[in-house]
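Asks: Dumping the structure here so I can ask a few things about it.
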Amino acid sequence: MIGDIRETKECQLKDPMDLFHSGQVVKICAPMVRYSKLAFRTLVRKYSCDLCYTPMIVAADFVRSAKARDSEFTTNKGDHPLIVQFAAKEAQILCDAARIICPFADGIDLNCGCPQRWAISEGYGACLINKPELVKDMVRHVRSQIDNPKFSVSIKIRIHEDLKRTVDLCQKAEAAGVSWITVHGRSIEERHQPVHYDAIKIIKQSMSIPIVANGDIKTLKDAENVHHLTEADGVMVARGLLANPAMFAGYEETPFQCIQDWVDIALEHGTPFTCFHHHLMYMMERITSKQEKKVFNVLSSTSAVLDYLNDHYGV
């Protein structure tokens, strides 16, 4: 990581807000546990992804442990603009994490949307949408302690059953200096229910900062539809990009060139086998038969996967 960090210092950090001022819908790769790491970010950037997030990192661990920093965060000079997402519940801890990351990333995002039990029991994630004053305090602290005015501070939220509470939260965050807000259009309890795009539209109309829409966007057509439904300034995609990392470039399903690119990038980055294999399983979900999946999904080494891809697809 140190080599990567040195490289980054020589590169030009970017102002993510420039994307929102471009007049185009900003296409964003979501923070995904285990998956939105450097190698995958490198891949989606080749296919028209404008902005990438890291997986969520627990700020307290990141500040306390050099080992956590090395294992949780890697980057390089092509990995921009980049947003590092943190789980935090104390303003100063978030500030300390932001200060460490500031030379190597273009902004931080506070996770106020993770609905997992462990996160909520620790005081992280979606429980923060019920603590608007704390969110406001955390945003304000980072804003006051980071000198770089181009360094963005954003939040990612879920919605309340009573949307007035969500609008109130967003307005408090805006007053504290938040750069933009990503809205996953479901409540904490909702998992696979339809996304409330109408709620995202109401939030967008109540704010003067950029709003990003998130939830069930699986194709470029979906992204365009959600933009029209919500008037959001950007769209954030998670599973849709896992299934088709080239979706933002307009491909209906993962092209073979994208699979080849993933193999090259993953091997170059020394991606662990499980992660390398899982990404391929997602990418090939729509283009392989049931029988092929049975064989491919149980392969247990990089060499076996490479032989399979070469024999079956010439990759």
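Glycine residues also receive a Cβ, built from the backbone N, Cα and C atoms like all the rest.
Here's the feature list from TrEMBL:
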type	residues	note
DOMAIN	29-292	domain 'DUS-like FMN-binding'
BINDING	Pro31, Met32, Val33, Gln85, His184, Ala238, Arg239	FMN binding site
ACT_SITE	Cys114	active site, proton donor
Asks: Met32, Val33, Cys114, Ala238: which of these recorded positions has the sparsest Cβ neighbourhood within 10 Å?
Replies: Val33
Asks: Between the residue listed as 'active site, proton donor' and His184 (FMN binding site), how many Å separate their Cα atoms?
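Replies: That comes out at 10 Å between the alpha carbons.
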Asks: Which ones in the same chain are close to Pro31 (FMN binding site), with CB under 8 Å and 6+ residues apart in sequence?
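Replies: Within the chain, Pro31 (FMN binding site) has Cβ neighbours under 8 Å at Tyr53, Thr54, Pro55, Met56, Gln85, Asp109, Asn111, Lys156.
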Asks: Could you list the residues of the same chain, at least six apart in sequence, whose Cβ is under 8 A from the Cβ of His184 (FMN binding site)?
Replies: Gly113, Lys156, Ile157, Arg158, Ile159, Val195, Asn214, Gly215
Asks: Looking only at the domain 'DUS-like FMN-binding' (29-292), what is the mean pLDDT?
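Replies: Looking only at the domain 'DUS-like FMN-binding' (29-292), pLDDT averages out to 97.
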